[in-house]
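Quick notes on the structure that follows.
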Amino acid sequence: MKLLMLIVALMIIGVQSKDGYPMDHKGCKISCVINNKYCETECVTVLKGKKGYCYFWKLACYCEGLPNWAKVWDRATNKCRA
C-alpha cells in the first residue's frame, strides 16, 4: 500500500511541473555563459522552480521543476526578436 501511495505521489508531482528554457520579456531564452548562480536565482527564486543552471552548449539558462504557469521557450512558438 505504501508503494502504491509513493507511485501516485510521484505521478502527481510529475504532472504539476515542467522543465525548459525560461523566457525574457522579448520571448527569448535567458542567456548565460557559465553563471549557474544567476540561472539558479531566475529559476528558483523568480519562477519558483526546483533547480536552475546554465546549459553551456546552448548558452542559456535551463530550469527544472517549474510550475505550469511559467513560460518556457518552445521552438514551435518561438517569437524571439533579438
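Please read every residue number as a count from 1 along the shown chain.
Yeah, the Cβs are placed from backbone N, Cα and C, and that goes for glycine too.
As recorded in Swiss-Prot:
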DISULFID  CYS28-CYS80  disulfide bond
DISULFID  CYS32-CYS54  disulfide bond
DISULFID  CYS39-CYS61  disulfide bond
DISULFID  CYS43-CYS63  disulfide bond
DOMAIN    18-81  domain 'LCN-type CS-alpha/beta'
SIGNAL    1-17  signal peptide
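What Swiss-Prot annotates, mapped onto the structure for a quick look.
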residue : record         : contacts (Cβ under 8 Å, 6+ apart)
CYS32   : disulfide bond : TYR38, CYS39, CYS54, LEU59, ALA60, CYS61
CYS43   : disulfide bond : PRO22, GLY49, LYS50, LYS51, GLY52, TYR53, CYS61, TYR62, CYS63, GLU64, LEU66
CYS80   : disulfide bond : MET23, LYS26, GLY27, CYS28, LYS29, TRP73
Checklist line | Most Cβ neighbours inside 10 Å, all chains, among the disulfide-bonded residues CYS54, CYS61 | finding: CYS61
Note to self: Helix, strand or coil by DSSP: which one applies to CYS61 (disulfide bond)?
What the structure shows: strand
Check: What's the most sparsely packed of the disulfide-bonded residues CYS28, CYS39, CYS63, counting other C-beta atoms within 10 A?
Finding: CYS28
Notebook entry, point to check: What three-state secondary structure does DSSP assign to CYS32 (disulfide bond)?
Noted result: coil
Checklist line | Overall pLDDT of the domain 'LCN-type CS-alpha/beta' (18-81), taken as the mean | finding: 92
Next item on the list: Reduce the DSSP letter at CYS39 (disulfide bond) to three states and note it down.
Entry: helix
